[in-house]
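Listed in Swiss-Prot for this protein:
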- Lys141, Glu178, Tyr179, Asp187, Arg211, Ser212, Asn213: ATP binding site (BINDING)
- Asp248, Glu260: Mn(2+) 1 binding site (BINDING)
- Asp248, Glu260: Mg(2+) 1 binding site (BINDING)
- Glu260, Asn262: Mg(2+) 2 binding site (BINDING)
- Glu260, Asn262: Mn(2+) 2 binding site (BINDING)
- 104-287: domain 'ATP-grasp' (DOMAIN)
Amino acid sequence: MKIAILSRDGTLYSCKRLREAAIQRGHLVEILDPLSCYMNINPAASSIHYKGRKLPHFDAVIPRIGTAITFYGTAALRQFEMLGSYPLNESVAIARARDKLRSMQLLARQGIDLPVTGIAHSPDDTSDLIDMVGGAPLVVKLVEGTQGIGVVLAETRQAAESVIDAFRGLNAHILVQEYIKEAQGCDIRCLVVGDEVVAAIERRAKEGDFRSNLHRGGAASVASITPQEREIAIKAARTMALDVAGVDILRANRGPLVMEVNASPGLEGIEKTTGIDIASKMIRWIERHATTEYCLKTGG
């Protein structure tokens with residue numbers, strides 16, 4: 001099988017592991033920078049070119065598309081899909097997951113428990129927005145933020161109003177969310193492949209912070225998850241139509257709450273913490289689904 005990995009940096013841990021796992025299972029692998037792909041959109045002879053050459057057909061494509069290049073990265077992935085390549089996460093699912101507002105609306109519609117959340121662009125009544133989510137303490141986020149950037153814990157009403165007013169000055173979309181105190185700065189990252197949680201870790205915020213992102217200096221340990229947490233993680237990934245997803249869960253007194261569904265979860269922290277070969281599980285999923293029938297169905 002011929003597999004393309006779409007990534008701006010082939011030296012990243014996740015890309016290297018996926019490449020190694022695919023090669024170990026006998027596949028040919030090429031890492032392509034999606035921003036260097038250019039496309040001929042033609043009903044008779046569509047194609048993808050890369051650095052001066054027309055690319056051959058790939059049986060499957062693994063998208064490792066960063067948030068900053070979502071628009072063009074998913075456009076390039078769509079072209080591969082149109083040419084019959086099986087995507088490990090479809091372009092439409094990635095775009096959907098990157099839209100935090102749409103994601104939360106879809107999850108809520110499916111009855112998946114979330115922290116109480118309010119979203120606004122430039123709220124005229126900051127006080128009402130705060131009341132809507134139950135008052136302080138609360139978390140204020142920029143909708144476009146990633147890896148804990150643009151996330152502030154406002155412990156008092158006055159602090160919340162000040163942060164919201166400051167974010168409003170950025171002309172940005174603002175997300176206001178109840179603070180789950182009992183989580184104590186921890187969350188659970190469940191790595192879903194297909195209909196299975198293949199690994200789970202607990203991420204704990206560093207001292208003096210409440211954000212558990214490993215990129216922000218948080219620590220990780222192996223997590224033992226409950227059947228309810230396993231079920232909600234799989235349901236969240238399925239709701240977003242993702243074959244592979246990192247589902248972040250908070251343990252609240254009222255039960256597990258989904259914080260986020262990540263369409264391009266990093267493998268380094270979770271593989272090194274659990275010792276589980278997740279990359280090979282992803283390649284095996286591709287082997288089962290990147291079939292000749294799929295290629296013919298999609299026009300490749």
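Here, residue 1 is simply the first one shown, and the rest follow in order.
Every residue, even glycine, has its Cβ placed from backbone N, Cα and C.
A map of Swiss-Prot features onto the structure.
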residue : record                : CB count, 10 Å
Lys141  : ATP binding site      : 22
Glu178  : ATP binding site      : 19
Tyr179  : ATP binding site      : 17
Asp187  : ATP binding site      : 24
Asp248  : Mn(2+) 1 binding site : 21
Glu260  : Mn(2+) 1 binding site : 19
Asn262  : Mg(2+) 2 binding site : 21
- Query: Of the binding-site residues Asp248, Glu260, Asn262, which sits closest to Asp187 (ATP binding site) by Cα distance?
  - Reply: Asp248
- Query: Using Cα coordinates, what distance in whole Å links Asn262 (Mg(2+) 2 binding site) and Asp248 (Mn(2+) 1 binding site)?
  - Reply: 8
- In Å, rounded, how far does the Cα of Lys141 (ATP binding site) sit from the Cα of Glu260 (Mn(2+) 1 binding site)? 13
- Alpha-carbon spacing, Tyr179 (ATP binding site) to Glu260 (Mn(2+) 1 binding site), which is rounded to whole Å: 15
